[in-house]
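These features come from TrEMBL:
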DOMAIN    33-144  domain 'PurM-like N-terminal'
BINDING   ASP34, ASP79, ASP221  Mg(2+) 3 binding site
BINDING   ASP34, SER49, ASP79  Mg(2+) 4 binding site
BINDING   ASP51, ASP126  Mg(2+) 1 binding site
BINDING   ASP51, ASP79  Mg(2+) 2 binding site
BINDING   HIS58, ASP271, PHE332  substrate binding site
BINDING   GLY125, ASP126, ARG151, SER223  ATP binding site
DOMAIN    155-306  domain 'PurM-like C-terminal'
BINDING   ASP224  Mg(2+) 5 binding site
Amino acid sequence: MSGEFDLIKKYFSRVSAQQAHSRHQQVLLGVADDCALFTCTTGKTIATSKDLLLEGRHFFSDVDPYRLGHKSLAVNLSDLAAMGAKPIACLLGLGLPRLDEAWLSAFADGFYHLSEQFACPLIGGDTTRSDKGIIISVTVFGEVSPPYLMRSQAKEGDVIWVSGELGAAHIALQLLSKAVEAPLAYDEQQLLNSTRGALEQPMPRVLLGQALNGITHAMIDISDGLIQDLGHMLQQSQVSACIYEKQLPVSPLIKSLPLAVIREAVLSGGDVYELCFTAPASKTDNIQQIAKQLAIPITAIGTILPNTSNDKNKLIVLDENNSEINMQYKGFDHFA
Ligand code: ADP
Ligand code: MG
């Protein structure tokens, strides 16, 4: 392989314009020209989002490239999911320090596998050499119709729901970070083996987000941790909330760990591509039916409360004795 153009042709042109067109009616032109072309269904609105993943900051240098390809797209599809959007297509920006064909081939496999699963074809991108490690930036496009599933729409009395199970990704990250310093003990290695899939290959809740659009009030994906992202929702909606620790869906993989460790992982652990959403109690049966049909577990974890003159946008977490948990558990912030 001689360079940039061969690389693009070999690894990132799998969906030809023709194929993209026959499978995805909206894509008129894929990887080929100065721009890709796609249309939006009449009356719908384009939803778009971008995420940046840097080697050493968002992923370890030795992460399985197939999983990295999957995750690069998954984190973006999760943003579409949180808007209830149906994916249309995606773009991939890549900065690579070297031309490693085995790495590229596995990365592309992981990326395309997920892109096919959710009918989100790769229609373009850019590829350059990087002097500072691997840089990956994906942009996704989807479509939605109003009313939009925005963070600002939570209403007093709404039930707060969360999809999936929480905490495993955080534990895997802790163990991987520790392993950089010294080899892990046998039981730590076992725990890492079971939890790292949650960190490295998360499944975005694309179908759940779309199915709940029109039923729920507010929705957010909790990629920076439940407390932090639910906090954003409360702020933007100008409401408060109470959630119950005993109702939180703790991943069975981490249940044997000490309470303080579980608490931190579940409340503030990041890299969680689950959806947190609110809806009136009258919609409970409807919501449970949808989740059941999609075979995605969902759990009611609390209630939206009005702001009071003393407490604005406050999140109260109650332990099993209904005492308030001291909230030093904040989510992830790159500049904190
Ligand atoms: P330009 O010079 O206009 O930036 P390029 O030569 O970089 O065009 O890209 C040629 C074609 O390959 C374009 O269709 C572009 O979208 C696509 N492309 C480049 N890099 C990638 C990539 N990493 N993934 C998918 N498509 C890519
Ligand atoms: Mg280019």
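Placement of Cβ uses the backbone N, Cα and C atoms for every residue, glycine included.
Just so it is clear, the model here is predicted, and its values are computed rather than measured.
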Inset, instruction - With an 8 Å cut-off on Cβ-Cβ distance and a minimum sequence separation of at least 6, pull the same-chain contacts of ASP126 (Mg(2+) 1 binding site), or say none. - result: GLY93, LEU94
Legend entry - DSSP state at ASP126 (Mg(2+) 1 binding site), helix/strand/coil: strand
Legend entry - the residue listed as 'Mg(2+) 5 binding site': nearby binding-site residues from ASP34, SER49, ASP271, Cα cut-off 10 Å: ASP271
Inset, instruction - Quick one: of the binding-site residues ASP34, GLY125, ASP126, ARG151, ASP221, ASP271, flag those whose CB is under 6 Å from ligand 1, and say none if nothing qualifies. - result: ASP34, GLY125, ASP126
Inset, instruction - Out of ASP34, HIS58, ASP79, SER223, point to the one nearest SER49 (Mg(2+) 4 binding site) in space (Cα versus Cα); all of them are binding-site residues in the record. - result: ASP79
Inset, instruction - From the binding-site residues listed here (SER49, ASP51, ASP79, ASP126, ASP221, ASP224), select those whose CB sits under 6 A from an atom of ligand 2. - result: ASP126
Inset, instruction - Ten-angstrom check, please: count other Cβ atoms within 10 Å of the Cβ of HIS58 (substrate binding site), all chains counted. - result: 19
Inset, instruction - Could you find out if DSSP has ASP79 (Mg(2+) 3 binding site) as helix, strand or coil? - result: helix
